C-alpha cells in the first residue's frame, strides 16, 4: 500500500540509479492497474497430485508467470524461441521464471477494509483526520456501532455514534431514508472522502492562534502536522481504506516440498488464504440476501483477516499457526533483527569468502597472512580458470574445473602467480571497530588453518584458543586497489579512537624485549674485575656470541670462565663517537632501532615500547615503523625463548609482615565493633569502617609484596616481577592474590562482604573462603554474558545516530569555539592539556605568557605534538579550539573543526565517515570493559583516602570555604564547593594570595577540593611543609555541624512520628534516628542564644536517616556535631555501573533521585516547609530576583543558609538532569557536562577515547530545536525541527518581510535522534519500522539518499570514502581497448592508473 509511484517519482541519475525515493499511500487504481497482473479468486495453492499451481489461486502461473524458464503451464510452448508468446490454451506467458519474484496480484474485496497501520499505529492518522478517538474508531471499524455520515433532516450530528438500539429508535422516528449512518470500513471511507482538508486546516490554524493552554496547543499542533502532510502531498485520506488487497509475488512467499510429501510454506500464504476464504464467503452471503447480523459478523471477520495479514497481533489475539505459534505477517517481515531491513538489506551474505580457525604465524611479515592452499584454490577458482584458458592449458570451463579438482601441478603454479599482489580481507567477529577487517597479502600454506601475524591480534582482539576468521576476496580492480591502498594491515597500526599504537608487541614479545633491555645485574667491579670497554657494536656482539675478542688487550679482562660477556653485564661501548655505559642486551636491541631515534639506554616495559613506536612513526614514517615492528616481533620471540623465563611456586613470596598487619587489622575491627556495641556508631558506619580497614590492609600488603619481589630482582630476576613489570601478563592486583591475600569480595548484588579472604593462592583457601571466592568469579562470568549484549546494542544506537556525519568540506569558516583545559582531580593532573589539544584546530593566536613576540600557535593551526608540548610547558591554563560541536557545515562537519585523523596523524580527508568512527570508538571499549570484569574474580575495588597529605612546602590558602573552629582548635568545613590550595611562599599577605588565585594570576602547587565535614588541621594562611597532614576526611558520615554557640531545641522531632528510638541489641544504648514520615512535620534542630530559648540564632534541617548526637537543651559550641548522616554501605565500582551510566547520558534520561540545581546566582535561604517539601530560595542580592525550589524532606541538602551559589550548582545530592543544565546554563555548558561525564566513566577504567568522538555524538543529540513562537513561518508551535531547517525557514520569512520564529534547543536521546533523522529509510531500518513508514507515507516524504544506511539499503555506493562526490569525479574509466585487461591481474598497474 505504499510507494505510489515510488520508482516513477524517483529521479534517475547517469548510472541509471535513482537519486531520491518518494513514499506515499497507494490508491486503489495503483494497486489494481499499476501493480497487479491479475485478480486472485481462489484460496488454492498447488494441485495435490501434479504439484502444479492451481489456476486463479495464490500461485497461478497465468497471473504470476511460468514456474520454469521459457515454458508455459500446459507444455505447448517450450524453449526461448517462443519468448513473449501468451499460450492460447493455458494463458501463461512464455518468459523467465524469475518474473514470479516481481509480478504482483490483488484480491478484490467485497467491502472496503481499513488499513490497520493507519488507525492502530499511534498517533492514529484516521483518528486525527476525522477528529475521533481511537476507541470510537475501533467500535465503528469492527461493526459494533453505527456512525452518522449525513444527518439529513434529523437532529443527529455528523460523526455521532449510535448503537443498535439508538439506530433503531432513529429509524423508527425519522425513517430509513432521512439520514445516512453506516458501520465498518465503508463508513470510514465515506467520512474520509467527505472531509474537506483545506477548511479543516484553516480552522485548526485559527484555533491554534486563539488557544492559550499549552497542552491544547501541543495537541492541535500534532493534528495540524498530520493534516498538513495530507494537504501538501498527493495523498487522499480515503486511500487509507482498501478496496483491494495487493498480493506479494509468489516467489517471495514460496511453498517448498519437503521429504515425505509434506510442504513448508511461508506464513503469508496462510494469511492470504484466510482473507480469500472470508472474502469469497462474504460475496456469496451478500448475493443471498442473508440477515444483517450474519453479514455484519462476516464483514468483521474479513476486517480481522486483513488486519492479521498486515500486522498480526496488533488487534486482538494473533492468528496462530501449527504448534501454537503466531503467524508472521507483512509487518514482521520488515521488523527487527530478522526482518527484511536488517537481515537482507543492511547485512548480506557474500560469495568468494571462506572461514577457518586461526593459528599464530610468527614467520609472516606484517602485511601477510597464511591462507590454506585448499581454501585459496576454492576462493580464486574463477581467476585460475581464466588464467588456464589464457595459457591454452584448457579450452572449456568444465575441463578447467576437472583439472582443479585433480590438483594438477599447473593449477598450483597458476594459483601462486594469481595471489601475488591480490590482497584478501580478513575479518573476525564481532567487528567492533574498523580494525576488525583488514587486508593482507596471502601466502599459501599447508594445513587447514589461517595463519595470522601476532601483532595484528590486538586490533582483531583475537587469540588462538579456537577463534575463527573469515576471508573475503575483493574482485574488481577498484576493490583490490582500495584494499591495497587503504586497508592493508600496515596502514592500521594506530587506533582511530585515541591515536595510540595498536600493533604493539605483547605477552612473550614484551617479555623478551624487557629481559633484553633489563638494568644490569652483573657488575664486574663487584667480582674484582673492571668494566669492559668495546670499540664498537660488532665487537660487543662477537664477545656475546662467540666469547672471542678482536683485541687481545680486552681478552685479558675476560671473565673467569673465559666465555666473553653476560647479556646483563655492565659494559662501556663507543657508539657514534661517544662512550656509553650500557649492557650487551641493549646494544643488541638498538641494532633494530631506526638511527633517527638514537640509542635507547633504559628498560623497556610495554608502555615505553608503545611510546617508541609512536615516536618512530612521527620521525621516520610508516614504512620504517612497520619494518621496526616486524624486527621487534622477531627479537622479542627469540629473546623470550633464550631467557626461558618460567614461574615456580617459590617465586611467589609471602610478605613477612603479613601476620603482624593482619593481627593489627583484626584489633582495629574489634575496636569498631566495640564502638558499635557501645552505640557510638551505627551499623552502616561499622560496615563502612570495617571495609576501609581491610582495604587499607590490602593495599599495604600488596605494596609490601611488590617491593619484596622487586628487591630480589636486583641480583637475580624474579620471573613473576619480570612478567608484571614488563606489562607482559598479570598486574599488581593478581600478584596480591597470589602472595598476599585475596582481599575483600563482593556479593552477587554488588555489596561487599565484610570479612575478607585473608589467605592467598600460594597458601591455599579454606572451604569457606573458596565458596565466598566463587561468588565473585560467577558474578563476573554472568555479568560478561549479559553486558556484552547491552554494549552491542549501545554501539548499534550510536552508529545509527551518527552514521551520516561525514567530512563534507575543508573549512566551514566558523568563528565559534569551545574552551578546554587540563583535567584535574584535586592536585593530580588526570589528563594534561597537551593530550587534549593535540590534533585540534586552535581558534585564536596563542602566545607565550608575558611575551607577545613568541607565537606558539597561529589561529587556524592544527596543533602538532611539538606545539602541544610547548603550549603545556608555557603553563597556559586553557585554550580556545574549534570543535564539531560548533561546526557550521550545512551537512556533516568540516575537516578544520574535526582536526587530525588519529589513525594516521594527518588532517582528516573529505568523505571520511567520522560519525561511524566516533560510534565505534565509544562502543568498542564498552564491550571490552564488560568482557574484562571477571579477570579480577569479583574483587571489591574500592578506594579510600582518609587524610590529605601535602607534597610541597608553602602556604595553605582557603578558597570559597565557610569554616568553624571546633573544640580541638581544628577548622571544620561547612559548605561543599570549596578548596584548599598550597601556594609557593612568596612573602605576600593572605588577601593578596586569595586575590591572585581567584584571578588565576598565580598557580597553586596543589589543589584539594574539600567536602562538607572535612577537618582542616592547618589554619588559613599558615605555612605547611612537605609530608605534613593538612586535613582529615570523614568517609563514613555526612556531619551536620553547629556554627554558632547556644542551646539546643528539637523542632518537629516527635518520637514515634518523625523520630524513633532504636535500642542497640548488644549494649542497650538508645539512639535517636530521624525516620521517613508522611506528616506535616519538618525535623530540625534550632539553636537559641540563651537557655530560656527566646532568641533564635540558627536552624539545622535534619534529613531522614540521620542520627542525632545532641540532647534537648544541651549547650553547644561552634564545631560541635549536632547529627550525622551515614553515607550507606560502599558498593563496588565497576564498569557494570559504567555502561548503564554511558547509556543514561547518551539517551538523555532523567537519572533516578536527581539533584536540584540553582537556576540563578545568589544566596541560599529557607522559607519554611509546605506539603512535605522544604522551600529553598536562591536570592540575587543585586537584582532582588528570587527562585524557589521545593525539595523533598528526604533529600539531603549540600548547601546551607547564607551560602553563595552559582547558576547550575547542585543544591542537593544526586546526579544532575542534563535537560535542566540546558535550560539553565545553555548549550555550551551542557555539551561540556556530557563530554566530561562520558569521559569520566571510561577514564575510571583506564580507557583512552579522544574527546572529538564524544563531541560528535553530543552534536547529534543537540541538532533539533523546539518552536516556542512560530511567527509568520510555516512551522508549528511545539514542533521539533532541525536547526538548519529552522534557520533556513527564518531566512526565507525575513526576506519576505515576515516575523521569524523563536525556538529553544532540545536535547534528544540517541534513539529518538535516530528516529528523527531526515531519511525515512534509515529510521525505518533502526526501530519502530511500521510507525516510521506510516508517518512517511502519509506526508509523501522524499528520501534524498544522503546518508550511508539508506544507500546501502537501496544497493547504491555509499557517499563516503572513495564513494564521496569529490572522489567519484576523479575516477577514470578504462578505455575500450583496456577492458579485456580488467581481470588480467598482472596488468593491475596499467588499469589502476
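Just so it is clear, glycine is given a Cβ too, placed from its N, Cα and C backbone atoms.
Per Swiss-Prot, the feature Zn(2+) 1 binding site maps to 72, 74, 87, 90; the stated evidence is sequence analysis. The Mg(2+) binding site annotation in Swiss-Prot covers 463, 465, 467 and is backed by sequence analysis. Under the heading Zn(2+) 2 binding site, Swiss-Prot lists 812, 887, 894, 897, citing sequence analysis as support.
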For residue 463 (Mg(2+) binding site), the one of 74, 90, 812, 887, 897 that lies nearest, given that the binding-site residues are compared by Cα: 897
By Cα-Cα distance, the member of binding-site residues 465, 467, 812, 887, 894 nearest residue 90 (Zn(2+) 1 binding site): 467
Fewest other C-beta atoms within 10 angstroms, as judged across 463, 465, 467, which are the binding-site residues: 465
The one of 74, 87, 887, 894, 897 whose CB sees the fewest other CB atoms within 10 Å, among these binding-site residues: 74
Fewest-neighbour residue among binding-site residues, criterion Cβ within 10 Å, set 72, 90, 812: 90
Three-class DSSP secondary structure - residue 897 (Zn(2+) 2 binding site): helix
Distance from residue 897 (Zn(2+) 2 binding site) back to residue 465 (Mg(2+) binding site), taken between C-alpha atoms, in Å: 43
Candidate nearest residue 897 (Zn(2+) 2 binding site) in space, where candidates are the binding-site residues 72, 74, 87, 467 and distance is Cα-Cα: 467
C-alpha spacing of residue 812 (Zn(2+) 2 binding site) relative to residue 87 (Zn(2+) 1 binding site), in angstrom: 65
Separation of alpha carbons, residue 467 (Mg(2+) binding site) and residue 887 (Zn(2+) 2 binding site) (Å): 43
Cα proximity to residue 467 (Mg(2+) binding site), best match among binding-site residues 74, 812, 894: 894
Residue 74 (Zn(2+) 1 binding site) versus residue 894 (Zn(2+) 2 binding site) - Cα distance in angstrom: 65
Nearest-integer angstrom distance between the alpha carbons (Cα) of residue 812 (Zn(2+) 2 binding site) and residue 74 (Zn(2+) 1 binding site): 68
Cβ within 8 Å of the mean position of the Cβ atoms of 72, 74, 87, 90: remaining residues of the chain near Zn(2+) 1: 61, 73, 75, 76, 77, 88, 89, 91, 92
Extra residues within 8 Å (Cβ to Cβ centroid of 463, 465, 467), Mg(2+): 358, 462, 464, 466
